[in-house]
Amino acid sequence: MEQYKYDFIEFALSRNVLKFGEFTLKSGRISPYFFNAGLFNTGRDLAKLGEYYATAIQASQIEYDVLFGPAYKGIPIATTVAVALANQFAIDKPCCFNRKEAKTHGEGGQLIGAVLEGKILLVDDVITAGTAIRESMQLIKLNQASLAGVMIALNRQEKGNGELSAIQEVERDYACQVHSIINFDDLVYFIEQSAKHAPYLTKMREYRAKYGV
């Protein structure tokens with residue numbers, strides 16, 4: 001596992017963004033871990049989060065023209081990623097995000113920031129049902145742009161209602177790749193190397209056996 005992935009897991013644990021234990025998800029599943037990126041909520045944490053996204057984007061070698069953050073969680077992510085790319089890698093990419101409802105006065109429209117054109121890299125925290133991606137695709141197509149790829153913080157690597165995960169469905173439906181800073185397998189590997197978190201290993205493996213893709 002790359003060092004930045006290990007460091008990101010440590011960072012998420014230190015901010016209680018990532019927790020191991022027993023958690024009931026909206027789906028009703030009992031999960032041995034919980035991830036809430038909304039708890040990256042200070043200037044320092046958001047700056048660091050952007051750096052991890054930027055590192056993962058560079059590692060993925062995605063070719064893109066514009067960063068797009070779907071409302072609402074994707075907005076601060078796209079912003080901090082754009083800053084991190086400029087500061088860390090001297091890559092100055094335009095950044096765009098959407099409103100949930102189109103504005104009829106002022107600058108108007110549904111988009112804020114750069115023009116949504118060319119190859120779009122969508123950034124978000126996680127993909128649960130893929131709803132934000134599908135809504136974003138309507139905007140991307142409306143602007144004659146194309147989806148170059150998606151970068152999220154965590155790929156849960158678990159089935160939805162069918163045999164595929166929401167991420168696999170997005171990849172199938174839009175012929176794009178979904179990348180992540182870390183995935184479920186990385187969490188398992190991290191626990192395998194950590195005596196402190198060893199008690200959670202069995203539950204994590206059981207969860208993967210039951211719901212993994």
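Positions of Cβ are set from backbone N, Cα and C atoms, glycine also.
As given in Swiss-Prot:
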type: BINDING; residues: Lys26, 72-73, 99-100, Lys103, His105, 124-132; note: 5-phospho-alpha-D-ribose 1-diphosphate binding site
type: BINDING; residues: Phe34, Phe35, Thr128, Arg156; note: orotate binding site
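Here the features listed in Swiss-Prot are placed on the structure.
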residue: Lys26; record: 5-phospho-alpha-D-ribose 1-diphosphate binding site; CB count, 10 Å: 7
residue: Phe34; record: orotate binding site; CB count, 10 Å: 15
residue: Phe35; record: orotate binding site; CB count, 10 Å: 18
residue: Lys73; record: 5-phospho-alpha-D-ribose 1-diphosphate binding site; CB count, 10 Å: 17
residue: Lys100; record: 5-phospho-alpha-D-ribose 1-diphosphate binding site; CB count, 10 Å: 9
residue: Asp125; record: 5-phospho-alpha-D-ribose 1-diphosphate binding site; CB count, 10 Å: 20
residue: Ile127; record: 5-phospho-alpha-D-ribose 1-diphosphate binding site; CB count, 10 Å: 23
residue: Ala129; record: 5-phospho-alpha-D-ribose 1-diphosphate binding site; CB count, 10 Å: 14
residue: Thr131; record: 5-phospho-alpha-D-ribose 1-diphosphate binding site; CB count, 10 Å: 11
residue: Arg156; record: orotate binding site; CB count, 10 Å: 24
Environment of Phe34, Phe35, Thr128, Arg156, the listed orotate site - residues of the same chain whose CB lies within 8 A of the CB centroid: Leu25, Ser31, Tyr33, Asn36, Val126, Leu154
For Thr131 (5-phospho-alpha-D-ribose 1-diphosphate binding site), which DSSP three-state class applies? helix
Can you figure out which of Lys26, Lys73, Lys100 (the binding-site residues) comes closest in space to Thr128 (orotate binding site), comparing Cα atoms? Lys26
Under DSSP, is Lys26 (5-phospho-alpha-D-ribose 1-diphosphate binding site) helix, strand or coil? coil
Distance in Å spanning the most remote Cα pair of Phe34, Phe35, Thr128, Arg156, given for orotate: 13
To the nearest whole angstrom, what is the C-alpha distance linking Ile127 (5-phospho-alpha-D-ribose 1-diphosphate binding site) and Phe35 (orotate binding site)? 12
Where does Asp125 (5-phospho-alpha-D-ribose 1-diphosphate binding site) sit in the DSSP three-state scheme? coil
